[in-house]
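Annotated in TrEMBL:
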type     : residues  : note
DNA_BIND : A:126-224 : DNA-binding region
DOMAIN   : A:2-116   : domain 'Response regulatory'
DOMAIN   : A:126-224 : domain 'OmpR/PhoB-type'
MOD_RES  : A:Asp51   : 4-aspartylphosphate
Amino acid sequence: MQVLLVEDDERLAGHIASGLRAAGHLVEHCDNGRDGLVRATCERFDVIVLDRMLPGLDGLKLLGALRATDDATPVLLLSALGDVDERVRGLRAGGDDYMAKPFAMSELLARLESLGRRGSAPAEPAEHLRVGDVEIDLVSHVVSRGARRIPLTLRELRIVAYLARNAGRVVTRSMLLENVWNYDFDPQTNIIDQHISKLRQKLTTGDEVQVIHTVRGVGYVMRVE
Amino acid sequence: MSRLFRSLSFRLALFYAVLLCVSVALVAAIGYRVWVAWPMQEIESEVDREADETARVLQNEGIDATRLVLEQRMRSAGVRKSFHALIAPDGEIVSANLPSWPRRPSSHMTLIEADTFLDGFEDDYTALVRDRTFADGTRLLVGRDVEDILREDELLRTAALWIVCVTLVLGLAGGWLMSRAIGQRIETLARTARQVMDGDLSERVPVRGTSDDFDRLNETINLMLSRIEALFGTARRVSENVAHEFRTPLARLLTRLEALEQLEPEGTPAREEVDNAIAEVNRLQRIFAALLRISRLEGGRHPLHIQRCDIVSLLEDLVEFYQPEADARGIELVLDAQRPLVAELDLDLMFQALSNLLDNALKYVPGGGRIEAFASGEGALHIGIADNGPGLSREEAARVTEPFSRGEDTAGRAGEGLGLSMVAAIAQVHGARFRLEDNRPGLRALLIVPPGLH
């Protein structure tokens, strides 16, 4: 993916850039808002990583200017302001995702992958998802594996649907929390893991292959190996 | 009523009223001595002297001479009208101008009513009489009028009684009014103090501008509050800035550790150490995020998104979210709320608060225990988490909402000691009260959200 990184902190930008490059992405870096806007409008990127507070032009203003030109490139906002209402403001201004500093590189990568895919294939609400032999019908709320129908709660259905939409890509715990539970909150313990393990038990019985895999220290990925 | 008696100003007013009554009684007593007791004594000795003289005449010169003396005395004009009665041993009245006298003679001076009718006019007289019976059976009564002194006596008594009554009534009424006036000023002061205690440091005592004692006191208290508010603001800004300024360096630290993690193959001791360090950085980051959030909530800089919420579905989502954890720990997690139950509040914040409370309960309640997410209320909404775990002592309950303080038995239990501080802050922005009560046994963490919020 081609990534534009707009971040004024040199050292942090260096680390992010090297992390992205190590994951196989092409990274262009700007250290101020004005240059960032010029490059974002002149060139095509798959995804933009934008710091919330920048010298020259504030991150949110840059985002506003970019969206005003009908540019729909996915934007991930980075901010030292981690509060919930900052997040809401960032998303309202046209951001596609929001992360508070400090963050784990793996989390950033997971979110960027999810965003980049959205950018390349315009999201049309799928009615039917399929990962290996697991089929999810989002209209009738039926999940089945081969001939076996799997009874799931509504929440479990949403978890498995979110994982399936991002099949093959890592989904972090906070991504799950933001997208499956409609509350902006910060649970103090890792309850998500227990929801996943329950879901796994239902999805996989006997000698069926596991479809939800744990990526240690990062999150989960749904795929058939 | 007992509240009135406990009021200092009322008791003071009552004390002054009683003091005034005592002084009135004292003045009345002196008046009685001067205008009643002393003149009475004088007349008594005068009557005694006359009675002695007449007795001497009776013994030396006989009953007829006595009658003449008495009749002469009756006719002679004196300051006080004189009265007498002379009764022979056989019961015959020899001479008398007293209308009546007691059947049995008395050894004391007696007062006998002796009103006279002259030309159709009634004159009121009361005679002070010495009554003597001699050896031969002759009875002699000699007396003088004391009507004027008796009137003085009555006047004094009536006046004293009225003054005492009026003083007491005025004292009680004045005391009540005074205690009410002062009580109102004190109540405004106490109300402000309570609001400040509830966390609203910007509250001030109203000042009337009359520069009276209370105004001066209130101004001093307001200055004190301003000072406290300024100190609080500084402390809050410092902690907020610290949390804020630490974020970017922490982000760098995390990326470096991750770079290091990539260099080490999995399973080596170095890799394990790096993973531990990453976990610590993440913990720090959570603490800072929570601190910032609490400080923004307390400082009123977190915009509320108040909306009408279905409380039961909020609790259902909460219970559903924590159900796997409760199952894993062998704890029964139940919901106690009935539809319809709606309230206006910030859904995300309320969910966060309840999630912190439930999280705590799950940490402290042993396996086999029971946790209840409850909500009820018409008017004020009572919502919270109750458990049958070890609970909190009264001292602990007062302390645990402070940042970084935890219950005593915290060995080996995860958490940063900020969960309940955040609940308290969320309660505060909702104008709600956060209470930790004894659930007998266990803990009942309760938020009381007032109706018609904002």
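Each Cβ is built from the backbone N, Cα and C atoms, and glycine gets one as well.
Note: TrEMBL annotation is automatic and uncurated.
Worth saying up front: this structure is predicted, and the values here are computed from it rather than measured.
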DSSP on the domain 'OmpR/PhoB-type' (A:126-224): how many residues come out helix, how many strand, how many coil? 33 helix, 25 strand, 41 coil
Would you list the DSSP helix, strand and coil counts for the residues of the domain 'Response regulatory' (A:2-116)? 54 helix, 24 strand, 37 coil
The predicted model's mean pLDDT over the DNA-binding region (A:126-224) is 85
